[in-house]
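Inspection log for the structure reproduced underneath, given as structure tokens.
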Amino acid sequence: MSNRKDWDTYFMDIAYMASTRSQCSRRHVGAVLVQGKKLLGTAYNGAPMGVPDCTEAGCMLVEEYELKMVEGKEEVVRKQRCIRTIHAEQNLLLFTDREDREGSTVYVTDQPCWTCANMLANSGIVEIVFHRAYPKDSDKVIGLMASRGIIFRQMAAYEPPPGVLTEVVN
Ligand SMILES: [Zn+2]
Ligand SMILES: [Zn+2]
């Protein structure tokens with residue numbers, strides 16, 4: 001047996017390395033664009049250039065209410081979300097060319113939110129590979145990808161490289 005990493009692991013490792021650049025204390029997300037076996041771009045979630053980030057100015061929190069099934073009953077759950085950052089997937093789209101994206105794959109540490117999924121669905125990419133699940137709007141996101149014919153798969157058995165921060169504040 002060789003210790004050589006398979007391509008999925010290799011590119012997800014790079015997405016996690018990119019996520020370590022994030023300054024948002026609530027969630028570090030990394031994303032990479034891959035065409036064939038070629039890396040075309042890396043991105044992470046962060047404030048726009050020249051604007052104070054979450055470590056300097058604190059997270060910009062909004063409160064949201066979500067309906068959640070708890071033991072078969074619907075419950076309203078209050079959640080906080082940081083809206084200071086441009087999401088990793090959106091930064092990836094901002095920093096890559098449409099031409100490069102046609103037929104490409106995005107590896108992203110976290111399952112995309114609805115807004116990112118919507119943008120990715122219209123970006124030319126044909127496959128999204130993620131690691132950590134993000135339950136909010138998950139059904140809608142999966143439905144969208146199915147209707148656009150985009151492969152949407154989770155690397156459930158994947159383990160991030162040692163030393164990479166993986167806690168998420170929900
Ligand atoms: Zn933040
Ligand atoms: Zn997003």
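Using N, Cα and C of the backbone, Cβ positions are placed for all residues, glycine too.
All annotation found in TrEMBL is predicted automatically rather than curated by experts.
Annotated domain 'CMP/dCMP-type deaminase' per TrEMBL: 6-168, in sequence order. Per TrEMBL, the feature Zn(2+) binding site maps to HIS87, CYS113, CYS116. TrEMBL lists GLU89 with the feature active site, proton donor.
Its Cβ placed at the centre, HIS87 (Zn(2+) binding site) has 23 other Cβ atoms within 10 Å. Averaged over the domain 'CMP/dCMP-type deaminase' (6-168), the predicted model has a pLDDT of 93. When the recorded positions GLU89, CYS113, CYS116 are compared by the number of other C-beta atoms lying within 10 angstroms of their own C-beta, CYS113 comes out lowest. Within 8 Å of the centroid of the Cβ atoms of HIS87, CYS113, CYS116, where the record puts Zn(2+), the same chain has further Cβ atoms from ALA88, GLU89, GLN90, PRO112, TRP114, THR115, ALA117, MET119. A gap of 9 Å separates the Cα atoms of CYS113 (Zn(2+) binding site) and GLU89 (active site, proton donor).
Under DSSP, HIS87 (Zn(2+) binding site) is assigned to coil, being neither helix nor strand in the three-state scheme. According to its DSSP assignment, CYS113 (Zn(2+) binding site) is coil. Between the alpha carbons (Cα) of GLU89 (active site, proton donor) and CYS116 (Zn(2+) binding site) lies a span of roughly 6 Å.
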